[in-house]
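Student: Relevant sequence annotations retrieved from TrEMBL are reproduced here:
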- 6-25: transmembrane segment (TRANSMEM)
- 32-48: transmembrane segment (TRANSMEM)
- 54-75: transmembrane segment (TRANSMEM)
- 82-99: transmembrane segment (TRANSMEM)
- 119-137: transmembrane segment (TRANSMEM)
- 149-172: transmembrane segment (TRANSMEM)
- 178-203: transmembrane segment (TRANSMEM)
- 215-234: transmembrane segment (TRANSMEM)
- 313-334: transmembrane segment (TRANSMEM)
- 346-379: transmembrane segment (TRANSMEM)
Amino acid sequence: MADLGAGLLALAYFVFCVSDTLLTLDDDRSQVVKMGAFGLVFAAILLRPRFHRLAVLALPIAVSLCIGMLLSFNVHAGIEEFVRFLFPVAITVAIYPYRDRLDVLVKTFIGVVVSNDLFQLYFYVSYATGLPLFMPVRIDSGLFLRAQGWMGFFSEFSFINLCAFLLCRWYWSGRRAAIASWGFLLFALLGFSFKLFAVLALYPFVRNVRDVRAWLAAAGIAGTMLVLTAMGVLDSLLKVGMAKILFYVVAGNSARAESYRVMFESIGNGNLLGEGLGSFGGPASVKFSSPLYQLYHFDWYGLGGLLKTTDTFYPHLFVEMGVFGALAWLVFVLGYGQGRRKPAVWFYIVGAFCFDNIFSMAFVSPSYVFSALLAMYAFSWGRPCVAPAHRGGVVGVRS
C-alpha cells in the first residue's frame, strides 16, 4: 500500500503540473484536471491514514473556513476559495505518511524539473529559428526572455530549479549530484526572478553563518557583481531591478502594494474571523466582483480589467480568513509533518517560499506549494535509507 500511495502522490504532482500548463494556455479543462489530481491526493491519504500531532489545528482551520463561507458575499466565490485553501492542507497531510518513500516523490519532482529545463532549451532554439513555441513568450521589461518551461510560469520555473539545486546539495550526495546542482542553479537564474536573486545572496550562510568561507564566498560574489557593474555588463539588469523597487516598494503604485494597505486597514478594524471567503485578492473575488474592493476604495492603477488576482498572497489570506484563521492555516501548512530537528537549509527554503509569496499566490498553487512542501519534508526527515527519521508526534490510524 505504501508504494502504491507514494506512486499516486507522484502522479498527482505531475497532473497538477499539467493543469498549470492548461491554465497558461487558457484551456478550460485545467480545473477538471486539477480536481482529478486532488482525487489522487485524497486516495493516497486513505491508503495510509497516519497523522501528525499538528492535526489538532484542523479544527480551528475548519471552523475558520466555515465562518468564511457564512460571511462570503457569493456562495460560488466562497466554494472556489474554500477548495483553494484546502489544496496545501491536503498535500502536506498526504505527504506525511510517505516520508519513508520520499525518494519516489523527489525523483518524480527532479524528472519534472529536468523536462522543464529541456523544454526551455527547445524554446530558446525555437524562438531564435522561428519553430513552433507552444508557450506564450514572456520578455521582462522588453529586455529579458524569461525561462518558463512547459508549465508556463517563470516564477515557478526558477523556484523549482532552486529546490532541485538544494536537493542535489543537501538531500543527495556524490559527484553527479554536485555537477547537476550547478545546472539547476543556472536554469533558476534564467527565469530572471529578482526575488530569487535576493534569496541566493543569503545562500553562502546556510551551512554556518560563522564560517569564514561563507563570508569569503559572499565577498567574492559581491566583488564580481561590482566589477561587472563597473564594466556596464549589468546595466540593463540593474535598470529593471531599480524600476521594480521604485514601482512596488518606494512609490507603492501597484495592486500588490494596495493589497497590503487593505490588509492592514482590515486588521486595524478588528478583522479576527475574516471578511468572507472569495472576498479579496484571489481569482474568485475578481471573477465575481467582490464588493470589498469598492468598500476599501481599492485602486487597480489601470489594470482592473487585466489582472485576475492582486498577485500577493498574505492580504488574500488575512482579509478572507482573519487573523486567527490565517495564523492557524500558516502554522499548519508550514509545520505539519515536519521533524523536530530541522537543518538550516529547511529554514532557508521556508524563508524563500514565504518571501516568494509576497509577490505571488504560490501558497494556493498546487504544483508550486507541492514542490516547496516536498523540499521541506526532504530536508526535515532526510533520506530514509541514509539516516533514521525522527518519529515524534505521530498519531497512527490503522485501516
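Glycine too: its Cβ is placed from the backbone N, Cα and C atoms.
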Student: Hey, does the transmembrane segment (178-203) touch the transmembrane segment (82-99), meaning at least 3 C-beta pairs closer than 8 angstroms, sequence gap 6 or more?
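Tutor: Touching, no - the transmembrane segment (82-99) and the transmembrane segment (178-203) miss the threshold of 3 or more Cβ pairs under 8 Å.
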Student: Are there 3 or more C-beta pairs under 8 Å linking the transmembrane segment (313-334) with the transmembrane segment (6-25), counting only pairs at least 6 apart in sequence?
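Tutor: No, the transmembrane segment (6-25) does not contact the transmembrane segment (313-334).
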Student: Is the transmembrane segment (32-48) packed against any residues at least 6 beyond its ends, judged by a Cβ distance under 8 Å, and which are they?
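Tutor: Tertiary neighbours of the transmembrane segment (32-48) are 1-2, 4-6, 8-9, 11-13, 15-16, 18-19, 22, 83, 87, 90-91, 93-94, 97-98, 366, 399.
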Student: Hey, which bits of the same chain come close to the transmembrane segment (313-334), Cβ under 8 Å, at least six residues off its ends?
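Tutor: Hits for the transmembrane segment (313-334): 54, 57-58, 60-61, 64-65, 67-68, 81, 85, 88-89, 92, 259-260, 262-263, 266-267, 271-282, 292, 350, 354, 357-358, 360-364, 369, 373, 376.
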